[in-house]
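Only one structure is covered here, and it is reproduced in the block below.
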């Protein structure tokens, strides 16, 4: 049993690892769209590239979560950091369409943020979990700012290959932090015998993964997570194209805009979510996030310039942050402590699913109906989800002890 001080130290180190992981991720976002454009990619082909990543991570997410439950979070984070090093090394030599697709393959193992969520979920108590997971969002904001700024600056001044090499070195630093500070086993809760019976230790056991869907309320929350998250997921996937073509931003300007996203997210995750989770029920906050998302969609449909978008970003990031933290918290509380890794892997797969179907749908909508179509669809879908949640009257499942 870990001492509270030791647990807290591990959680703080995990926050640092998460911030670094997101930094390298957003650094890459400042490289790939411009590299793809230079290699002759149009909107449709860039959509195919994003879809490839989505499919790869969709397949890897649940298995990665199961791997963490069986072998421990340190092993899972080690695999993720190693894959990240290979990913960025391949990006440094990506000088053709084929190599740009090949460099995405290690993404099947790249689940640094879900890995960090697993450590935090394992070491935090149920009543503090939403707040602890929310602070990971603060790390996401820090990583978004530093990664976007670094990516835009390095790729503009020193070239894309240097920026990718910098991220590869950074990923190796993350790997050293994992090996030195994350304990082999982070699960501190006692697993009931009833949860152990019939449990398989196989990482690739589909039955162990799909079994979680049978827990009360899990399937419903997952459906809400997918349907409500789809429109905003499409917009996020297509945003790099929107920034270049609709807002006419250069790499460095795009980096500053992403840094602004990060600042807004940091404020929301660090100063707002903790207070909200201590005062309101998770169901109320879920309703609030979906309702605001619908209004944000309407605003996106009407925006015409980057200044208007900067105003929309504040409620947009609020709804996204609250929605993701609350749904992840609800889902991990719905299963036994021994299954939190697999559940968070499934949560990560929802994002991967959105990235899989998002580029294809987004590319079609962008080419056929333009940017406003993303907003109108988000408005209608989230309004419908809000109405259905309201009609269900909060009939939710009891959390597992």
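Cβ from N, Cα, C; glycine included.
TrEMBL annotations: computationally assigned, not manually curated.
Per TrEMBL, the feature domain 'Major facilitator superfamily (MFS) profile' maps to 7-395.
Positions annotated as transmembrane segment by TrEMBL: 12-31 (among others).
Among the features that TrEMBL reports, transmembrane segment is placed at 43-64 (among others).
Beyond its flanks by at least six residues, the transmembrane segment (76-94) meets 17, 21, 24, 28, 31-32, 35, 64, 67-68, 100, 102-112, 115-116, 118-119, 161, 164-165, 167-168, 171-172, 174-175, 178-179, 182, 341 of its own chain at Cβ-Cβ distances under 8 Å. Residues or ranges marked as transmembrane segment in TrEMBL: 76-94 (among others).
The annotation transmembrane segment is assigned in TrEMBL to 162-182 (among others).
The transmembrane segment annotation in TrEMBL covers 222-244 (among others). With a threshold of 8 Å between CB atoms, the same-chain residues lying at least 6 positions outside the transmembrane segment (222-244) that come near it are 29, 32-34, 37, 43, 46-47, 50, 54, 213, 254, 257, 286, 290, 293, 297, 300, 316, 319-320, 323, 327, 331, 346-347, 350-351, 353-355, 357-359, 361-363, 365-366, 371, 374-375, 377-378, 381-382, 385, 389.
Beyond the ends of the transmembrane segment (256-276), by six or more residues, the same chain brings 26, 29-30, 130-131, 134-138, 140-149, 152, 243, 249, 285, 306, 310, 313-314, 317-318, 321-322, 325 to within a C-beta distance below 8 angstroms of the stretch. Residues or ranges marked as transmembrane segment in TrEMBL: 256-276 (among others).
Sequence-distant contacts of the transmembrane segment (283-300) (same chain, at least 6 residues past either end, Cβ-Cβ under 8 Å): 224, 228, 231-232, 235, 276-277, 309, 312, 315-316, 318-320, 322-323, 326-327, 330, 371-372, 374-383, 385-386, 389-390, 394, 396. For 283-300 (among others), the entry in TrEMBL reads transmembrane segment.
Residues or ranges marked as transmembrane segment in TrEMBL: 306-331 (among others). Through the fold, the transmembrane segment (306-331) approaches residues 117, 129-130, 133-134, 137, 217-218, 221-222, 224-225, 228-229, 232, 247, 249, 257, 260-261, 264-265, 268-269, 272-273, 276-277, 282, 285-286, 288-290, 292-293, 295-296, 299-300, 343-344, 346-347, 396 of its own chain, all at least 6 residues removed from its boundaries and within a Cβ separation under 8 Å.
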For the domain 'Major facilitator superfamily (MFS) profile' (7-395), the mean pLDDT of the predicted model: 83
Non-local residues, at least 6 beyond the ends, that sit with Cβ under 8 Å of the transmembrane segment (12-31): 77, 80-81, 84, 88, 91, 112-113, 116, 119-120, 135-136, 138-140, 142-144, 146-148, 150-152, 154-155, 160, 163-164, 166-167, 170-171, 173-174, 177-178, 181-182, 240, 251, 254-255, 258, 262
